[in-house]
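Undergrad: Here's a structure for you.
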Amino acid sequence: MFSPADNIFIILITGEFIIGILGNGYIGLVNWIDWIKKKKISTIDCILTNLVISRICLISVMVINGIVIVLYPDVNTKSKLQIVICTFWTFANYLNMWFTACLNVFYSLKVANSSHPLFLWLKRKIDMVVRWILLGCFAISLLVSLIIATVLSHDYRFHAIAKHKRNVTEMFHVSKMPYFEPLTLFNLLAIVPFIVSLMSFFLLVRSLWRHTKQIKLYATGGRDPSTEAHVRAIKTMTLLIFFFFLYYITSLLVNFSYLFTNYKLAMAFGEIVAILYPSGHSLILIILNNKLRQASVRMLTCRKIACVIG
C-alpha cells in the first residue's frame, strides 16, 4: 500500500509525463507533416525533431527511474535493472543536452552578427554540417552510455561478491565507490554543452548591444527587424538556459541523493523538478515558435468548428 506522499508523487510525475509526451510529440508531428508536404526539412526543424525525440526518451526513462526508485527501492538496488535504467538515462540525457546546445548555437549563428572569421565560416556552413554535428552528438552520447554500462556491470559483480564475503559497511563501500566516481565524473562533464549554450547566449546579447548602439548612432526610426529577431532569440534562449540549469542541478541532486538522510524524499523531489525541463520547455518552444504556435491555433480552431458542427 502506497503512502500519501507516494500517491502525490505518482500524480505529479504522471501529469509531467503526459504534458511532456504531448508537447514534444506535437512538435515532432508538426515538423514531420511539414517535412512530408515540402519534401525537405529545414535546419531548425531537423534540430528540433531530434531534440524532441531525445526528450521523449529522456522523460520516459526518468519516469520509470523515479517510480522504481521511490516506490520499489529494493527492486532497483538488488537487480540489474539499475544498470539498464542508468545506461538509457545517460544516453538520453547526453543526447538532450547536446541537441539543446546545438539549438542555442543555431539561434546565435542565425541572428547574431560578428566579424570573427570562425563565426562567419560557421554561419555559412551551419546548414550543411548540422546533420554531421547531430550525428557526432549521437556518437558521443552512445559512447558515454556504453562506458557507464561497462562500469556499472563491473560494480554489480563487486556487489554480488561483497554480499557473500563482507559485512554491510564494507559492502556499501565496495558497491558505492566504483559507482560514484565514474557516474559523477560523466555527469559533471555534461556541463560542457551547458557552457556552449551560455557562450552562444552571451554572443547573442553582445550582438544585440552592438546593434542597439549602431541604431542610436544613426538614429533610425521605426521597428527594426534585426532587433526584434535578437529579442525573440534572447527570450527563447533565456528560458531554455534557465530550464537547462535547473535540470542540471536537480540531476546532480538525484545522483547524490543517497548521501541524504531521507534518500527517498530527495530522489522524489529531484525527479519531479528535473522532468520540468524536458516537459515544460517544449511548451515554451510551442508558444515562442511562430510555426508551432500557428499550427496549434489552427488545430484548436478546427476542433472548435468540429464541435459546433457536431
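Cβ coordinates come from backbone N, Cα and C, glycine included.
According to TrEMBL, the protein carries these features:
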| type | residues | note |
| --- | --- | --- |
| DOMAIN | 23-285 | domain 'G-protein coupled receptors family 1 profile' |
| TRANSMEM | 6-27 | transmembrane segment |
| TRANSMEM | 47-71 | transmembrane segment |
| TRANSMEM | 91-109 | transmembrane segment |
| TRANSMEM | 129-152 | transmembrane segment |
| TRANSMEM | 185-205 | transmembrane segment |
| TRANSMEM | 239-260 | transmembrane segment |
| TRANSMEM | 266-288 | transmembrane segment |
Undergrad: Within the same chain, where does the transmembrane segment (185-205) have neighbours whose Cβ lies under 8 angstroms from its own Cβ atoms, ignoring anything closer than 6 residues to its ends? I mean 6 or more beyond.
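TA: Sequence-remote neighbours of the transmembrane segment (185-205) are 90, 93-94, 97-98, 100-101, 104-105, 107-108, 111-112, 114, 119, 144, 147-148, 230, 233-234, 237-238, 240-241, 244-245, 248, 251-252, 255.
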Undergrad: Within this structure, do the transmembrane segment (91-109) and the transmembrane segment (129-152) have 3 or more Cβ pairs under 8 angstroms, counting pairs 6 or more apart in sequence?
TA: yes
Undergrad: Roughly where does the domain 'G-protein coupled receptors family 1 profile' (23-285) sit in mean pLDDT, to the nearest integer?
TA: 77
